[in-house]
């Protein structure tokens with residue numbers, strides 16, 4: 001029997017999903033993206049060679065894996081073609097392996113202009129977006145005025161749709177944000193030119209997924225960003241514009257939720273966040289700087305330094321619940337090597353002194369809580385590259401056991417380094 005496994009981040013993104021997706025693609029016939037856009041950044045290291053992917057699923061490096069981009073993904077044609085060229089220059093035959101849903105909304109130049117103008121207008125209250133037009137493209141989708149990949153198959157109809165929406169968006173750019181409009185003819189010509197390369201990769205992704213299911217083949221669904229950035233369930237408004245939680249798998253691909261067999265939550269052994277928003281365990285001391293330096297905490301997409309903090313079991317329990325997580329993959333354990341003490345947030349103290357064990361829904365209230373910590377002894381020995389749990393330092397094993405108890409979920413996979421073979425697998429998602 002084939003299995004359908006979802007991989008998603010359980011924190012604020014940057015949890016190390018790319019490596020784990022690449023590791024698990026040994027078992028699959030297909031990998032599918034179901035939300036987000038080129039604001040995602042997946043860094044893969046294979047035999048010491050670094051590859052950063054933004055739109056294309058991480059399985060693209062495997063010759064026997066179909067890579068699908070579902071309807072929930074917003075597609076920037078220029079970014080996708082640039083990524084394809086980068087991979088083709090490395091000898092990867094992308095166009096034979098990549099399939100795009102015609103229902104993908106397109107990100108076009110006016111979306112990026114709106115994104116940048118909006119962040120500029122917000123000033124110190126900015127969300128901290130990547131400035132790549134993701135949010136405005138999702139807005140157009142929900143407002144039912146967006147253009148989709150399938151529209152490019154009929155150039156005359158596309159030209160009419162584009163003209164109508166650009167009249168609206170250019171009015172907003174000029175008269176509200178007081179910035180230069182985007183040229184319609186240039187946008188039309190460039191997009192139709194790119195369509196010549198994109199349309200041959202267009203396919204009914206939903207139907208393909210169900211064909212894999214009927215043939216009892218394994219499929220992996222690759223999430224982007226993290227659960228605490230979900231548009232509905234994250235730290236709103238400091239969130240992304242898509243559903244990053246398990247529910248987005250079904251709506252972003254057309255693959256019903258009852259067909260999903262296992263949800264793997266990718267979780268760092270500490271916590272990081274890029275951009276603005278609540279982060280109760282954030283560290284501003286030498287330990288925070290240590291984690292940032294040792295963990296190389298800079299965004300794969302933006303290059304921005306990530307905020308670093310201790311492991312937050314309260315936020316993670318919430319993520320486990322809203323995703324029906326089957327098991328956790330703990331990443332970057334080796335970054336904690338050398339610390340005398342490691343802390344885990346086990347509760348929050350509110351502004352009025354009450355202790356709570358769930359994150360506040362209100363973002364302002366979330367930003368005011370203070371973490372309640374449990375301290376555990378650290379370890380001096382290296383965990384880097386360890387492949388068996390019994391070979392980990394005793395204190396590292398105790399840390400993992402403590403986390404399991406706090407989050408009320410099994411830790412099935414432990415990553416001890418960036419390469420795919422630097423992994424401890426306690427329970428394999430495709431055989432669980």
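Backbone N, Cα and C atoms are what each Cβ position is placed from, and that goes for glycine too.
Model, not experiment: these values are computed from the prediction.
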To which of 25, 51, 235, 240 does Swiss-Prot also attribute binding of IMP at the site defined by 14, 15, 16, 17, 39, 40, 41, 42, 130, 144, 225, 304?
240
Residue 225 (IMP binding site): which of the binding-site residues 13, 306, 416 is the nearest Cα neighbour?
13
Closest of the recorded positions to residue 19 (GTP binding site), Cα to Cα, picking from 42, 303, 305?
42
